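Asker: The domain '4Fe-4S ferredoxin-type' feature in TrEMBL is assigned to 234-264, 336-367, 375-408, 466-496. What TrEMBL records for 6-25, 46-63, 69-102, 123-144, 150-169, 190-211 is transmembrane segment.
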Amino acid sequence: MKKYSRYFRLISQIIFLALFFYIFFNSIIDNSGFSLELKLKSKIEYIFAVDPLLALTTLFSTYKLPSVFILSAVVIILTLIFGRIFCGWICPFGTIHHFFSFIAQKIRRDKYEKTEYSKYQNLKYYIFTAVVILSIMRVNVSGYLDPLSLLVKCLAIFFLPVVIIIYNMNILSDGMQDFLFNNVLGRDNIYYEQAALFGIIFIILLGLNFYRNRFWCKYLCPLGGMLGLISKYSPLKLQHKAKCNSCGICTDSCYADALPFKRNSFKSSECMLLFNCLSVCPSDSLYYGLKMKPAEIDLSKRATAKTLGIALSGFFIIKTGTKAVAKTPRLIRPPGSIPKNRFLKTCIRCGACMKVCPENFLTPSLFESGIEGLWTPVGNADYGYCVYNCNLCGKMCPTGAIEELSVEQKKKTTIATAFIDENRCLPYAYGVDCIVCEEHCPTSPKAIYFSRVKGKDYKGRSREIKQPKINPEECIGCGICQYKCPVKDKPAVFMTSIKNGGVKV
């Protein structure tokens, strides 16, 4: 049975990776029935339900534990019993790294990479410590490095735009085109300014597996660091029989570099339970069984103190640039977003809201709200608009940074205000009729109306001109007027983050 243990693990990896992809790609609009309210085929928030790192840091930074994270307790219990089983058998990001490590071995033509444990593998424990310290100080940075959050962002912001390019080229068969649209994309407009950045990050992380097997898992993953610390108390560990001759074949097969052939130096907190070692041991000297003594993790006091110093420095660096940009015009938050001081503590930068946004309105921010706001969602009407009857971002937000609104509540929620640049608007600048913004305005009564004035067109002919005006009391800032404006290079109507146009209503 031990010889086949790694195949059981492989089956588990395939099942959970397939489940992840099913939930991720199926989080698109369900058009199977008629409904005035938009619904998804699956809920992307379920992906984060099993993530104890996001649960812990959200609890520390907000003093609340969203109900979606209740299942993360199961992962902690499994880790306490079995060890880092989540890393080896369940984590989809870990499985992807495992696959690329396997490809790297084939390219190197080595059956296994011959490396041993490195003290730099402790880096993930220090990263985890820094993330927790910052969350205690109410700065939630876990979403930048959490494997599930990072994977969802990279797929949503980089991979899907690549697929949409292929889709729009029409080089695939009609059946494949229909499959992509109905089961993967769900829309034909997916574009993000930072797609290249996330692509570079994703490719570098995967490329590091050609340097060391499962590099991310061994050196960088803070969730792996958290589970490694918990797994030291697991009663089930890799054991040696007396007949072990220390041939080292098991260590050559170990993706985790946990030194399985060294009886007194085996790093059980590094072991991901991949069971390659059990399968390749020529003398059948290894087994997985009870060992009550807690594992030791060699963390130096000096490095821990440095981690504390880095975390404190990071806190002040992050906080210095936040208030100075409080009035940034482009800081347009999704409808239902909680107040700014709570939003940045609660948002885990997972990208779920951007993934489900049906018209590509939501995009990852840069520094519109300072360093602390990096990759939080903002609306950009240059690339899409907020659909009038859509409340999906609030439904899918796992932490409540975007509160769930009913469709009727959402229709009345103001997130920005439209302004008209009279130097670029066609009726003002050239004296010609244009009703595009008014006809697309979804509010009732419409936030855009016309004022009829007598004037001259660009040829000097006298005529009556319909000039659009904005009613700030009715404008909710959905951005469809900016997105549809025929002056494409720099729309004549534009959104800013101020609500009701600054008019006291």
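Glycine residues also receive a Cβ, built from the backbone N, Cα and C atoms like all the rest.
Note that the structure is a prediction, hence the values are computed from the model and not measured.
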Asker: Mind checking which residues reach the domain '4Fe-4S ferredoxin-type' (466-496)? Cβ under 8 Å, same chain, six or more beyond either end.
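Answerer: For the domain '4Fe-4S ferredoxin-type' (466-496), the list is 329-330, 332, 359, 361, 379, 381-388, 411-421, 424-429, 433-438, 440-443, 445-453, 502-503, 505.
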Asker: Tell me, please, if the transmembrane segment (190-211) and the transmembrane segment (69-102) are in contact, taking contact as 3+ Cβ pairs under 8 Å between residues separated by 6 or more positions?
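Answerer: Yes, the transmembrane segment (190-211) and the transmembrane segment (69-102) are in contact.
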Asker: On the DSSP side of things, how many residues of the domain '4Fe-4S ferredoxin-type' (466-496) fall into helix, strand and coil, could you say?
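Answerer: Looking at the domain '4Fe-4S ferredoxin-type' (466-496) with DSSP, the answer is 5 helix, 9 strand, 17 coil.
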Asker: Verify whether three or more Cβ pairs under 8 angstroms connect the transmembrane segment (69-102) with the transmembrane segment (6-25), leaving out any pair fewer than 6 apart in sequence.
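Answerer: Counting Cβ pairs under 8 Å (6 or more apart in sequence), the transmembrane segment (6-25) reaches the transmembrane segment (69-102), since there are 3 or more.
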Asker: Grab the same-chain neighbours of the domain '4Fe-4S ferredoxin-type' (375-408) for me: Cβ-Cβ under 8 Å, and only residues 6 or more beyond its ends, written as numbers and ranges.
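Answerer: Tertiary neighbours of the domain '4Fe-4S ferredoxin-type' (375-408) are 27, 36-38, 40, 43-45, 48-49, 54, 58, 62, 64, 66, 68-69, 143-144, 153, 189, 191-193, 330-338, 342-344, 346-365, 368-369, 415-416, 442-443, 477-480, 482-484, 491, 494-495.
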Asker: So what's the average pLDDT for the domain '4Fe-4S ferredoxin-type' (375-408)?
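Answerer: That stretch averages a pLDDT of 94.
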